[in-house]
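*Asks:* Below you will find the structure I want to go over with you.
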Amino acid sequence: MKQIQIAIDGPASSGKSTVAKIIAKDFGYTYLDTGAMYRAATYLALRHHLTEEDATEIVDLLNNHSVSFGRAEDGEQLVFVGDVDVTHPIRENEVTNNVSWVSAIPQVREKLVALQQQIAAQGGIVMDGRDIGTVVLPQAELKIYLVASVEERAERRYKENLSKGIPADLEKLKEEIAERDYKDSHREVSPLRPADDAIHFDTTGIGISEVVAFIEEKAKKIIDK
């Protein structure tokens, strides 16, 4: 059966990762959470007290500490920096609030995009992020751009944080998400924007299963051509 590349882009907490994981599992494809890679880079930068002025040092850290993925017995995706499991630390608020400036560093993006493209070249893949359809996989057969209201996305992040034992303030999350939207869409390198041939889908008020079904139907039509 023909295998394709599925690119899912969108702003923070638009449902990208949740949807992408399910689709990858259903199709037997590789799932790559590119956001986790940038979070891992941010985690490294913060651990070493680096700032936006330290781009070269951050890239050096990435050269010396490989970012890789594993799978827990319950199916949860694990993220490693070197041999250290950073799955949960990279989801903490400090990382979340700093990932935009780290991911805007051209040398960091260049290194991680090259790694993402290497992984994608190995076969069927579902990849989610902010520049997958425009930069990482511009040739992807299916490109989806997910959006949702700031209020709904803040509510999702609020519930997710509480479930992981991370303190959360709903109003503050709304402010942080709106601020991150602005930063991500206005950065000079690979800004958040839909690919010209992406299918837009507003997930506000729509369940995950409906979003998955919509994307899988589009994918099957391409595969069956």
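Residue numbering: from 1, along the chain as shown.
Placement of Cβ uses the backbone N, Cα and C atoms for every residue, glycine included.
Among the features that Swiss-Prot reports, ATP binding site is placed at G10, P11, A12, S13, S14, G15, K16, S17, T18.
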*Asks:* Just jot down the residues in the same chain as A12 (ATP binding site), at least 6 apart in sequence, with C-beta under 8 A of its C-beta; none if empty.
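*Replies:* Long-range Cβ contacts: R153, R157, I177, R180, D181, D184.
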*Asks:* If the ATP site is taken as the center of the Cβ atoms of G10, P11, A12, S13, S14, G15, K16, S17, T18, which further residues of that chain fall within 8 Å of it by their Cβ?
*Replies:* D128, L146, A148, R153
*Asks:* S14, T18: which of these binding-site residues has the sparsest Cβ neighbourhood within 10 Å?
*Replies:* T18
*Asks:* For K16 (ATP binding site), which residues in the same chain are close in space, meaning a Cβ under 8 Å from its Cβ, but six or more apart along the sequence?
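*Replies:* Expected: I8, D9, G10, G35, D128, G129, L146.
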*Asks:* Secondary structure at T18 (ATP binding site) (DSSP, helix/strand/coil)?
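*Replies:* The residue in question, T18 (ATP binding site), is helix (DSSP, three-state).
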